[in-house]
């Protein structure tokens, strides 16, 4: 899922003379004050101050992904020979799990463990009421190889892989899929894409009968959200940058249709570059914190990564035919913190909007956060479009720190709201792709997380079946 990119860097005066002459600390402090500014761009931010509190906070078990018993973990029986990782359920407009002719439906990325380029969306289904990992049936690939050409879409024709997204059960009983069209032909170009998936039921079987209305929705405008052309123009993979435009999550609010997605900021709302290191809005905390942290960052080995870090959870409005209606400001950004905030997920619960994202410590620029740290971060607002404030004061919702070679390693945590109560079901995948001959990437055991206002906590002793979606 991780792609490299680069963009133009803002030019900022260096302090070579001051460093050679001594007094480096004073020179940095003076320069920081001269260059400092505060610009929020009208959006919420994942701040350095909040993130720096997380290494201590994550020691609390209420934020820790449960430990799982390796001996109980099974491969998905109906996915023989396949690794299965990122997954998402067919959901109703309010985010609860839909029932399709008596079944729960899950879409997931799957492919051969021996071929990293083999990444396609498969459809799995399970009778409502059955929770066993062995009860999941596999309807196969959603798209035929020819579908990207049959769509007569200039972007789709260059697709080489299918990446994560979401699916909604429409008011007229249709399955509408949203996913990421990835092209290895164009420096990792990613585009938000949709199709109607036609499914029929026969006896105890769901069958995919092809797709229709298969089309590209959005591939970045450059101004609000970075596009791949900017990445290409300014150095592509050689920069250490990370271009993202993926993981579209469908949501409705007050009769309007939206996609929330992973992205990077564009040129008009907080672009990457050295000057971003002087924006107080990205730091949080007070003046003293900004002065100390910005000076430290300027001299850090992570300075370059921080300059390039401009992750965003973006939002666009859709027309009723699922074409682009309006490009909107990001819901939240992670400038100077990380370039990658994945698996966008948002829903309304008890009158509040909850926004979640997954991220890796290895992509972050925060002292105390390690490369093995895996996070789900969360934010809350009174409206879909924000402003968003961090849950649990910092945004920490879940942390997992296992070695990637551990069979019980999990990632791509996804919160599934329930029809009743204050608990959500957390799903994930378990075991990294291609790491073991006999242990495939599979649905991880689900578990419960409680949400109450601006606080969350993992529910003790709440481990469920692998891939379980509901408890009501």
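In case you wondered, yes, glycine gets a Cβ from its N, Cα and C as well.
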Residue among 213, 219, 221, 339 sharing the Ca(2+) site, where Swiss-Prot lists 241, 272, 308, 310 as binders: 339
Site co-member for sucrose according to Swiss-Prot, given 85, 86, 164, 246, 247, 360, out of 77, 99, 234, 340: 340
Residue among the recorded positions 247, 339, 342 whose Cβ has the most other Cβ atoms within 10 Å: 247
Candidates 272, 339, 342 (recorded positions) with Cα within 10 Å of residue 246 (sucrose binding site): 342
Binding-site residues listed as 86, 241, 340, least Cβ neighbours within 10 Å: 340
Nearest of the recorded positions (272, 310, 339, 342) to residue 247 (sucrose binding site), judged by Cα-Cα distance: 342
Nearest recorded site to residue 241 (Ca(2+) binding site) by CA-CA distance, among binding-site residues 85, 86, 164, 340, 360: 340
Assigned conformation of residue 272 (Ca(2+) binding site) - DSSP reduced to three states: coil
DSSP state at residue 241 (Ca(2+) binding site), helix/strand/coil: strand
Sparsest-packed of the listed binding-site residues (164, 272, 310) - C-beta count within 10 angstroms: 272
